[in-house]
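A.B. asks: The structure's right below; bear with me while I get my questions together.
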Amino acid sequence: MRSFFISLQSEFYKSRKTLAFWAAIIVPVVICGLIAFGYYTSSEKILKYNYPGMMLWFQYSSAALGVMGMLILPFYVMFMAFSVNNIEHKNDTWKTLFSQPLNKFSIYSAKYFYALMLLFICTILFPLLTYVSGYLLQTLVPKYTFKDYDPAIILTRFYGKLFLASLGILSIQFVLSLIWSDFLKPMGIGFIGVIAGIITANVGWKHAYLIPYSAPTLALRAASGTKNARPEDLPIFTQEIGVSLACAAVLFVAGYFILSKRNIK
Amino acid sequence: MSRFAIETVGLNHHFGPQAVVKNLSLQVPRGSIYGFLGPNGAGKTTTIKILLNLLQSPADTVFIFGQELNHNRIACLEKMGSLVEQPAIYAHLSGKENLINRCILLGINKSKADEMLALVGLTEAATKKTGKYSLGMKQRLGIALALIADPELLLLDEPTNGLDPNGIIEIRNLMVELTSKHGKTILVSSHLLAEIERTATHVGIINKGEMLFQGTINELQDLSKPSIKIEVDDQAAAANILSSNGAEIINEKEGNIHITYTGKADMGKLNTLLVQNGVTVYSISTDRKDLENLFLDITSKN
């Protein structure tokens, strides 16, 4: 366990100045900032719709959720999984890392957990910033109805589900980036995966849930498709989440197996 | 307790169908500076990577301080510090940050980073990004990284690569100090014998994955028998006189004759003999094949 924590601490230390780390913070700040800015400058136009509190929150958070689930999250996951491994490929440091008196599984799992942590930071910042900026907008534009509804539960559920839905993609991309040092292979496969995921999810293919790349789109789809149910009742552990988690677990183990049997060149 | 810091028993390693290490029995005595020599591509780096468990090796073939490597990986690695090929450092971090990162991984005090920077003369470049370091500076940092945990055994793969003459001398002195004052064992690989013959106590010569010679530096020198080189005006006459007086001629060309060295007295007698028989002797001296040529001879045989 000590090996795991010091490996994790080292992961943080060495990547704290990299884009992969800062992107986890910058992406949510920029996107939520832009949306909030839009809602502030176009407040008169939005106020004309007379949205009740819940609907206004729904519209407001959907702006980030839609773009996030469809594109930004999968691409961020791909980029981040690549960067976490590329830091070793680029500097030829796998050999140093594995010649330290540390358990190989600890080194590997700390790297994986670090990627997981970055994804978590990114997905937690979105609801947090949406929540905070909503109330900030309420203060700046008192006519808004944000104060009439507490979005904490739906935001947590939506983004929580999105986080779980992206674990499958994270594991696939993590293993691909572990195997290949070049940018094109994992990114190319990931890109095709994301496109295939979006298409199969949007055309409503009945087996789309089996493709981990379609999980974020499907997760949000299920959310927007439940018109009669209350958004607070959004089911979290749906089929695609099950596939995403299973895929994450299998590939996490497979990644370690690949790494432990591999000769470090 | 094993008297060897490193011992391999019939070690083999293949890259696909190509055998890169063949039946290698490396024996590095404790407290020695072991010069691991061989031309480029001889299998030196592969062997070092096997010793670090970076490349898989069969069970019971590699022992570090008597402990089997595969079953005691962490215990073995705790005793080793290494510099393999080009130093592996994070280019986006400064020299000091690279050392601090290593301190984190090894669970040692971060103040050790400054100490190491001073030791390898990088204090002034401590905060500079290592991506902007020269090859020599990177090599120094690599050595600092290998030394930071104060390991009992150091594996240095061509550590003087890219260093200027001063840097090379410093590393040599550091190696001698580490073994003589601190009782460390050092395995240092090189493709140049001249580079390590002054510091190494033991030598292993490897080529095409096979160990061709292993022993002390003196044993290696004993392989090189001295000869007498005589420069004369009449080569044919001199050769005739020498051979009829029992001297063993090794070769003769361009007015120079090489004969086997048998002693100082014999050298004097042969000189007198030649002069008395009307041959002008321009010069007469002992000639020892230097270790570099010996190394080339050994490695060109297989």
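Each Cβ is built from the backbone N, Cα and C atoms, and glycine gets one as well.
TrEMBL annotations: computationally assigned, not manually curated.
Features from TrEMBL:
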- A:20-40: transmembrane segment (TRANSMEM)
- A:60-82: transmembrane segment (TRANSMEM)
- A:112-138: transmembrane segment (TRANSMEM)
- A:158-180: transmembrane segment (TRANSMEM)
- A:187-205: transmembrane segment (TRANSMEM)
- A:241-259: transmembrane segment (TRANSMEM)
A.B. asks: Going along the chain, which residues at least six beyond the ends of the transmembrane segment (A:158-180) come within the CB cut-off of under 8 Å?
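C.D. replies: Those are 61, 65, 68-69, 73-74, 77-78, 81-82, 84-86, 112, 115-116, 119-120, 123-124, 126-127, 186, 189-190, 193-194, 212-213, 215-216, 218-220, 223, 234, 236, 240-241, 243-252, 254-255, 258-259, in sequence order.
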A.B. asks: Ranking A:20-40, A:60-82, A:241-259 by Cβ pairs under 8 Å to the transmembrane segment (A:112-138), which is first?
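C.D. replies: It is A:20-40 that shares the most Cβ pairs under 8 Å with the transmembrane segment (A:112-138).
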A.B. asks: Mind checking which residues of the chain, 6+ beyond the ends of the transmembrane segment (A:187-205), have their Cβ under 8 Å from one of its Cβ atoms?
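C.D. replies: Distant Cβ neighbours of the transmembrane segment (A:187-205) are 70-71, 74-75, 78-79, 82, 169, 172-173, 176, 211-218, 221.
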A.B. asks: Within the same chain, where does the transmembrane segment (A:60-82) have neighbours whose Cβ lies under 8 angstroms from its own Cβ atoms, ignoring anything closer than 6 residues to its ends? I mean 6 or more beyond.
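C.D. replies: Same-chain contacts beyond the flanks: 20, 23-24, 27, 31-32, 35, 38-39, 115, 118-119, 122-123, 126-127, 130, 134, 146, 151, 154-155, 158-159, 162, 165-166, 169-170, 173-174, 176-177, 183, 186-187, 190-191, 194, 197-198, 213, 216-217, 219-220, 224.
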A.B. asks: Could you tell me what the rest of the chain brings near the transmembrane segment (A:241-259), counting residues at least six beyond its ends with Cβ under 8 Å?
C.D. replies: 104-105, 108-109, 112, 161, 164-172, 174-175, 178-179, 209-210, 212, 215, 219
